[in-house]
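The block underneath contains the structure these notes are about, expressed in structure tokens.
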Amino acid sequence: MRKTRFRRAVTAVSAMALASGFMIAAGNTANGDEASSSAAAARVDNPYEGAQLYVNEDWSRQAAASGGQAIADEPTAVWLDRIEAIDSGSAGENTMGLRDHLDAALEQGANALQMVTYNLPGRDCAALASNGQLGPEEIDKYKSEFIDPIAEILSDPKYADIRIINVVEIDSLPNLITNVGSRETATPECDVMKANGNYVKGVGYALATLGDIENVYNYIDIGHHGWIGWDDNFGPTADLLHEAATTEGATVDDVAGFAANTANYGATEEPYFSIDDSVGGKSIREGSKWVDWNRYVDELSFSQAFREEAVSAGFNSDVGVIIDTSRNGWGGSERPTGPGSTSGTADEYVDSSRVDRRIHLGNWCNQDGAGLGERPTASPAPGIDAYAWIKPPGESDGSSKEIDNDEGKGFDRMCDPTYEGNPRNQNNMSGAKADAPVSGHWFQAQFEELIENAYPPVN
Ligand code: BGC
């Protein structure tokens with residue numbers, strides 16, 4: 001039953017997309033099946049360009065049944081968040097396995113599918129909400145029971161015409177930069193993952209194995225501006241990513257680019273203030289607690305600069321960045337309509353100008369007041385392959401109380417609205433919404449607010 005309403009609509013559009021945009025984009029105007037399959041297999045610089053993206057039928061059905069009919073035909077990513085997800089779907093209401101999604105993509109006439117590989121050993125070392133199923137040492141199991149079976153499915157010739165856009169292991173490598181060693185933000189779990197090398201090896205293996213498949217486009221996670229935007233983190237992250245991309249048989253040719261802001265809330269662009277602003281003769285970098293010496297105030301400027309840094313670190317010059325805009329819209333009544341006054345303090349100026357209404361940039365769980373961001377768009381800005389909805393809107397980031405589950409997920413107090421924080425959010429309130437289910441499960445109240453506070457608004 002899941003497939004009825006928009007499947008038909010999508011199929012009609014897709015026939016057109018396949019007949020025109022895709023083949024022309026591939027530079028082939030010949031007729032006939034042979035021509036179309038060789039055109040389809042050609043590797044492109046930006047897999048979003050001219051593509052018809054797969055609409056995740058699990059998510060779409062849920063969204064449509066939850067008051068989200070207006071957005072239910074937007075493409076969102078398929079999350080492979082544990083071994084079982086390969087066959088029988090990810091957490092919560094998701095029931096389709098990888099083959100089901102690929103087959104559904106073919107039926108939709110889609111020629112691109114977004115997925116997230118998210119199951120490293122010792123996953124989520126600086127938080128508890130998305131702790132996974134593999135222990136810190138289970139790298140062999142990660143390779144043979146997670147990445148290899150995924151590779152087997154993706155290399156089925158039946159799917160050769162689908163561009164597979166693969167976001168690789170979110171949060172993992174950035175955690176090894178900021179949450180280790182003598183830093184105040186360090187956790188023992190991240191120290192273990194740095195010492196045993198299993199994040200780096202796992203990412204390298206995933207890039208190498210999946211990157212061998214002609215139609216796979218790998219994007220490595222780079223956190224977001226409120227994490228990697230400081231000088232101490234920026235260059236070292238690019239170097240660590242390069243190390244991972246040249247490990248376990250991977251090369252930089254296995255990397256199509258980077259993924260920013262995945263499942264986070266950073267604004268794509270802050271329209272009313274800029275990093276170059278000063279208040280009372282002092283840069284806001286120094287004067288504002290919100291900025292606090294960061295080099296960037298939004299995801300677009302961060303992503304474009306990171307791309308350059310990565311190229312200097314040894315990545316190919318044609319890499320691009322995907323920015324997750326599923327929940328970074330920040331519309332609604334709290335959204336400023338213009339720059340604040342500069343006659344007070346830098347804090348007053350920035351706090352009244354910023355559209356990102358979080359209490360602190362380090363807050364990440366089910367943020368109260370957030371809205372849907374830009375609808376998915378290909379090539380929205382130089383260096384940016386797409387604005388994409390990687391985190392499916394409506395799926396929780398973590399439970400606001402302890403909830404028993406068999407998915408390995410813990411209770412992170414950053415998801416508890418009464419929590420007063422830790423060094424990673426400089427001891428601010430969490431800003432999380434109450435009554436949330438475990439991560440990946442449907443959170444109706446958040447979904448409704450995301451639609452309500454969407455920016456651009458949902459018509
Ligand atoms: C969860 C996953 C889920 C994903 C997408 C993550 O936070 O840990 O289980 O698939 O979000 O909602």
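Here the Cβ of each residue, glycine as well, is placed from N, Cα and C on the backbone.
TrEMBL does not curate its annotations; it predicts them automatically.
In the three-state DSSP reading, D124 (active site) counts as coil. D124 (active site): 24 other CB atoms within 10 A of its CB, across all protein chains. The active site annotation in TrEMBL covers D124.
The active site, proton donor feature in TrEMBL is assigned to D171. For D171 (active site, proton donor), the Cβ neighbour count at a 10 Å cut-off comes to 24, with all displayed protein chains included. Mapped onto three states, the DSSP output places D171 (active site, proton donor) in coil.
In the three-state DSSP scheme, D397 (active site, proton acceptor) falls into the coil class. Feature annotation from TrEMBL assigns active site, proton acceptor to D397.
Under the heading compositional bias 'Basic and acidic residues', TrEMBL lists 398-415.
According to TrEMBL, the region 'Disordered' annotation covers 327-349 (among others). According to DSSP, the region 'Disordered' (327-349) comprises 4 helix, 0 strand, 19 coil.
Taken from TrEMBL, the feature region 'Disordered' applies to 370-435 (among others).
Comparing D397 (active site, proton acceptor) with D171 (active site, proton donor), their Cα atoms are 13 Å apart once rounded. The two recorded residues, D171 (active site, proton donor) and D124 (active site), show a Cα separation of 7 Å.
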